[in-house]
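Feature annotations, reproduced from TrEMBL:
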- 11, 58: Mg(2+) binding site (BINDING)
- 9-102: domain '4'-phosphopantetheinyl transferase' (DOMAIN)
C-alpha cells in the first residue's frame, strides 16, 4: 500500500562566509560545491546568490535525510525556472536515494537579506514501504 511522504529541510547561510573563502582555494571550493551551470548562471562573485544556492543544497540534503556526507554537493543542482524561481534537479546518489524513498516532487524557496540567505525545501511523493 502506498503511503504519502512529506519531508522538509531548511538552512541559513551567512553571506560573508562565502565572501571570506580563502582566495587560494576559492576556485576549487566553488567547483566542488556548484555545478558548471550554477556558476555560469550566478558568476563567481555573486555571493548572495551563491549563498542562497548553498543553503538550498543543505536544505535539500536535510529533506532527503542524508545531510551532505553520503551525497555530493553537485548531486543537488539549483536552476532557474521559467519565471526565475529556483528549481531543484537531483543527480547521482541523491537521485537514487530520492527514488528509493519515493520522493518525486520538490519545491524550493530561497530568500536573502543583507547578511543572510535562507532556503526551505519540501519533498513529496509516495512510498511503498
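Backbone N, Cα and C define each Cβ position, glycine as well.
Any TrEMBL annotation is an automated prediction that lacks curation.
Taking H, G and I as helix, E and B as strand and the rest as coil, DSSP gives the domain '4'-phosphopantetheinyl transferase' (9-102) the counts 51 helix, 16 strand, 27 coil.
As a whole-number mean, the pLDDT of the domain '4'-phosphopantetheinyl transferase' (9-102) in this prediction is 94. Counting every protein chain shown, 19 other Cβ atoms lie within 10 Å of the Cβ of residue 11 (Mg(2+) binding site).
Less than 8 angstroms from the CB of residue 58 (Mg(2+) binding site) sit 9, 11, 13, 68, 119, each of them six or more residues away in the same chain.
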